[in-house]
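Quick notes on the structure that follows.
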Amino acid sequence: MIEEGGNKRKTMAEKRQLFIEMRAQNFDVIRLSTYRTACKLRFVQKRCNLHLVDIWNMIEAFRDNGLNTLDHATEISVSRLETVISSIYYQLNKRLPSTHQINVEQSISLLLNFMIAAYDSEGRGKLTVFSVKAMLATMCGGKMLDKLRYIFSQMSDSNGLMMFGKLDQFLKEALKLPTAVFEGPSFGYTEHAVRTCFPQQKKIMLNMFLDTMMADPPPQCLVWLPLMHRLAHVENVFHPVECSYCHCESMMGFRYRCQQCHNYQLCQNCFWRGHAGGPHSNQHQMKELSSWKSPAKKLSHAISKSLGCVPSREPPHPVFPEQPEKPLDLAHIVPPRPLTNMNDTMVSHMSSGVPTPTKRLQYGQDMPNLLADEHALIASYVARLQHCTRVLDSPSRLDEEHRLIARYAARLAAEAGNMTRPPTDASFNFDANKQQRQLIAELENKNREILQEIQRLRLEHEQASQPTPEKAQQNPTLLAELRLLRQRKDELEQRMSALQESRRELMVQLEGLMKLLKAQATGSPHTSPTHGGGRSMPMPVRSTSAGSTPTHGPQDSLSGVGGDVQEAFAQGTRRNLRNDLLVAADSITNTMSSLVKELHSGETQRFPLVSSSPSCPLPCPTIPTHSPSFHATFPSRNTRDLHPVPPSHMVSLY
């Protein structure tokens with residue numbers, strides 16, 4: 001007894017778990033019933049992971065579990081409902097990556113308990129097929145347009161006209177959802193709900209139904225449905241705007257701007273709870289914004305709108321054909337008798353193109369005629385597909401097709417049961433079943449191998465996409481080395497520029513010295529015995545060693561230098577400039593020595609006083625103070641740099 005009591009309490013806790021978590025979110029403080037209902041149902045949708053399943057996956061689950069062949073008023077047990085929900089979540093986990101797998105057992109328990117609480121309040125343990133379809137189609141994810149198209153297919157007849165009785169039944173089932181989250185007083189079912197949607201009793205086609213349901217505003221009883229879809233779209237929208245009440249620096253979700261107060265904007269939490277401050281009042285009209293535009297985009301849009309460049313708004317939904325597609329005529333096809341425990345497997349094998357044993361189709365002598373009719377129907381169906389692009393888009397057509405297949409399968413099973421078969425048929429059926437089992441086993445093994453290979457490739461892709469710690473550690477080192485190399489490059493470029501500038505200054509000094517020496521040699525009245533009177537100054541000897549500046553050519557480095565130095569250094573692009581400079585300095589020194597000798601021989605006759613300079617190897621004449629003087633700067637023979645020679649090595653001539 002104690003164990004039974006504990007199990008009952010555990011079961012009751014599981015049934016109330018979703019509602020306890022929903023109350024913890026404190027949605028009841030939202031003052032507007034529409035937003036309060038939409039937030040609660042959105043919470044249930046996300047908590048049950050229904051937002052990951054779209055309407056097409058729901059339709060596939062309905063067909064896999066045979067709900068499309070059942071009448072809407074048929075009741076199913078809770079155990080079968082649990083099977084349907086389990087197939088939905090297990091198929092969902094197959095589509096999701098391994099890193100985003102959901103807890104299937106928990107999701108099944110939450111959704112099953114919520115559906116029982118919403119649609120089986122009396123505790124009968126049974127739900128109608130239409131209730132299950134309406135609830136799952138409303139609460140699943142995906143586009144609202146696709147949901148409404150599927151819902152209309154469940155409420156329309158073969159001519160594509162909506163049946164108001166079916167619409168009333170749908171509203172009765174759909175409005176049980178707000179009642180389940182304690183919003184029945186605001187959005188409970190009433191007998192006049194159909195008239196609020198379609199006041200005029202007239203023929204309602206698909207396009208008119210979509211226009212009404214997707215209008216702004218929508219019907220009052222279903223106003224929470226499009227709002228729930230908008231909540232899903234703006235959950236992650238970021239607004240870099242400060243809230244005027246709570247002063248948060250940014251907003252997520254909806255943003256509300258007052259139409260009367262200047263630059264007064266509220267986040268969704270403050271607006272939903274009715275907060276207001278300053279001159280703003282809750283009675284002011286607010287505009288709901290689901291995105292943020294920069295001032296530049298606003299200005300561009302305003303200019304485009306004023307110039308008429310803004311395109312017209314697209315319609316809320318495409319226009320669908322008024323007449324529904326006619327279902328396929330399968331009267332000439334007699335499908336094979338499905339096995340009791342292999343129905344789903346055989347359907348999957350036939351759809352995947354795997355050849356199945358054809359001997360099971362030979363139930364009589366008219367088998368060639370049946371195959372001929374089947375091929376003719378397939379050919380006509382292919383021709384129809386080539387001319388119609390929306391054949392496969394109609395859920396009603398597929399439902400009728402499955403219903404027709406099931407009816408012929410049942411008739412074939414009844415005929416086969418009444419037939420008396422010879423003993424050879426039993427052995428043949430046994431062989432056919434054995435072949436089927438072998439084929440199924442082979443396909444299951446192959447499917448298992450394919451799933452393992454997919455899992456392995458997925459793990460390799462995830463490992464390759466994630467950065468390893470070694471790469472993360474190498475990146476700072478590489479950045480530091482790159483920074484040092486750039487710094488070293490800048491230093492070398494600065495050093496090279498300084499050397500080029502020093503070299504140019506030295507060339508300018510040499511040019512001035514050579515001009516001065518040439519002028520002195522030309523103006524001298526006496527000549528040396530070893531030098532003729534009209535002989536010009538000897539040019540420096542060119543060096544044969546190769547070498548050039550890496551970034552500047554010879555003409556660039558000698559810019560601003562006179563013709564004599566350029567003539568001495570311009571030729572020979574591959575030589576050592578340092579050695580050339582030393583050779584040029586030696587030649588100038590020799591020329592100076594010759595000039596001093598000539599001056600000494602000439603001045604000895606004019607001036608009797610001669611003084612000897614300790615810095616000069618030859619006696620130098622003492623020139624009067626009024627004589628012009630010049631200074632020549634020579635590079636030292638012991639240095640190997642291109643910088644100017646210090647004053648201690650300078651020779652002065654008077």
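Along the chain as shown, the residues are counted starting at 1.
Keep in mind that glycine also has a Cβ here, set from the backbone N, Cα and C atoms.
Because the structure is a prediction, the values reported are computed rather than measured.
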| query | To which of the residue ranges 49-98, 149-198, 349-398, 399-448 does Swiss-Prot assign the term region 'Syntrophin-binding region'? | reply | 399-448
| task | Excluding C258, C261, H280, H284, please set out which residues of the same chain place their CB within 8 Å of the center of the CB atoms of the Zn(2+) 2 site, keeping sequence order. | result | Q259, Q260, Y264, A276, P279, S281, M286
| query | Around H280 (Zn(2+) 2 binding site), how many other C-beta atoms are within 10 angstroms of its C-beta? | reply | 18
| query | If you count Cβ atoms within 10 Å of the Cβ of C246 (Zn(2+) 1 binding site), leaving out that atom itself, what do you get? | reply | 13
| task | Note the Cβ centroid of C243, C246, C267, C270, the recorded Zn(2+) 1 site, then list each other residue of that chain whose Cβ lies within 8 Å of it, in sequence. | result | S244, Y245, H247, C248, M251, L266, Q268, N269, F271, H275
| message | Is it possible to list how many residues within the zinc finger (238-294) are helical, extended or coil according to DSSP? | response | 5 helix, 15 strand, 37 coil
| request: Would you kindly give the Cα-Cα distance separating C243 (Zn(2+) 1 binding site) and H284 (Zn(2+) 2 binding site), rounded to the nearest Å? | output: 17
| In Å, rounded, how far does the Cα of T179 (phosphothreonine) sit from the Cα of C270 (Zn(2+) 1 binding site)? | 26
| query | Ranked by the number of other Cβ atoms within 10 Å of their own Cβ, which of the binding-site residues C261, C270 ranks first? | reply | C270
